[in-house]
């Protein structure tokens, strides 16, 4: 079986065939850099990191492009709040983004264009759309004429007649009268007093949100790409509008495969900054959740399905990772005692013509792993393979950690080295790597005073009820400094996790 992916555009799971044999072009919608990334971002970028790693492991060359939106209403609002420049907010959060992604072991994209660095391409694309009649200008603003694009709605499945006005939430009510149709969206926004602006044939202004990605895809990867990635919340309007703009300009298909990840939910609601129910990646890691625990938590659910963020789920992932980490670290820690001279991943070609029962088993295990990821990136199935592979390794590691030297002789006949090498190799495809053994904390230092936490949660709830949000934030920060991360849920309930 070859790799099969669920294509949002066709609503089918299809065999993946790249445009160019052996090479895959991928564009992933990046973040708007006005704040720190939350767990929803981690879910998206870990999922696509696994896609990229898997393609590379299977022998493809991959060009992976991911953008930064560094000019947007949210950035301008944050800059005004902080009394600093838009550039300062963008640079600060781009650096934070890199730090968070690096901490999670996410491979950096090959190229990361910024909207403000692609203005020539953006202006050129808007000009082409206006010349063809697909766009029109009104007093310094330029809009895309949705009704003139007959394929509009093919990605989201929406009918224009059923859509609400201002579906993208980015056009103010006062501007409605300027547009030919309420569904038309801005390609270029005329300059406003006090806001940064850039020159254009239509006057000073700045690009709309959707046109940025269309221009960057064309500039970095060409008119048609293999795979376009993003969260399910981007299907409409962002990706629908991308398709409309790009295909109206080029007459060619923008992307052959559209993949979308499901949302992270807290108490049945999507995690988002607008709802205030989000947890940043940084806060979660600072609370003591390890990067690999977070990866495992995210990958235990299929990328297209909703993912419920709960303390129990994080703690279960931490327990699972503890065992997997012990197995992965076996060859690093006990190589000399086990007389394993070559502690490197087993070459794939060795696995094919198996000459022993161990290698035959490894070959079968490898194929089970491939079958799982070929099935629309079934990461939970791939992780199940890792746990089965790790079981005897974890048992040996536990015995050695207890000082049981008999374990070496008793397991010698099992020939576990190829099994460990395969585990390291396959885990790396999922971005899971052994962590260094943590130093033991002094007696009593790692105990959690649950009564103290509950009292603090109650005090914070009272502060919020009294609208003393500064005090509520201070209590949260104090608990965070103690390694406790709070998780607010609907109905005024608060859960917590600890390191």
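Count begins at 1; order follows the chain as displayed.
Cβ coordinates come from backbone N, Cα and C, glycine included.
Residues or ranges marked as Zn(2+) binding site by Swiss-Prot: 29, 213, 238, 242. Long-range Cβ contacts of residue 213 (Zn(2+) binding site) within its own chain (separation 6+, distance under 8 Å): 27, 29, 67, 238, 242.
Nonlocal intrachain contacts for the motif ''HIGH' region' (31-41), taken as residues 6+ away from its ends with a CB within less than 8 angstroms of a stretch CB, comprise 68-70, 72, 74-75, 77-78, 89-90, 93-94, 96-97, 100-101, 231, 263-264, 270-273, 278-282, 284, 294, 309. Positions annotated as motif ''HIGH' region' by Swiss-Prot: 31-41.
Sequence-distant contacts of the motif ''KMSKS' region' (270-274) (same chain, at least 6 residues past either end, Cβ-Cβ under 8 Å): 35, 38-40, 233, 263-264, 309. The motif ''KMSKS' region' feature in Swiss-Prot is assigned to 270-274.
Under a cutoff of 8 A between CB atoms, and with a sequence separation of 6+ in the same chain, the neighbours of residue 273 (ATP binding site) are 35, 38. Positions annotated as ATP binding site by Swiss-Prot: 273.
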Original post:
For the Zn(2+) site given as 29, 213, 238, 242, which other residues of the same chain have their Cβ within 8 Å of the site's Cβ centre?
Top reply: 209, 210, 212, 214, 228, 230, 234, 239, 241
**OP:** Compute the average pLDDT of the predicted model within the motif ''KMSKS' region' (270-274).
**Re:** 79
**OP:** Please work out which residue of 29, 238, 242 has the most C-beta neighbours within 10 angstroms of its C-beta, and give that one of the binding-site residues.
**Re:** 242
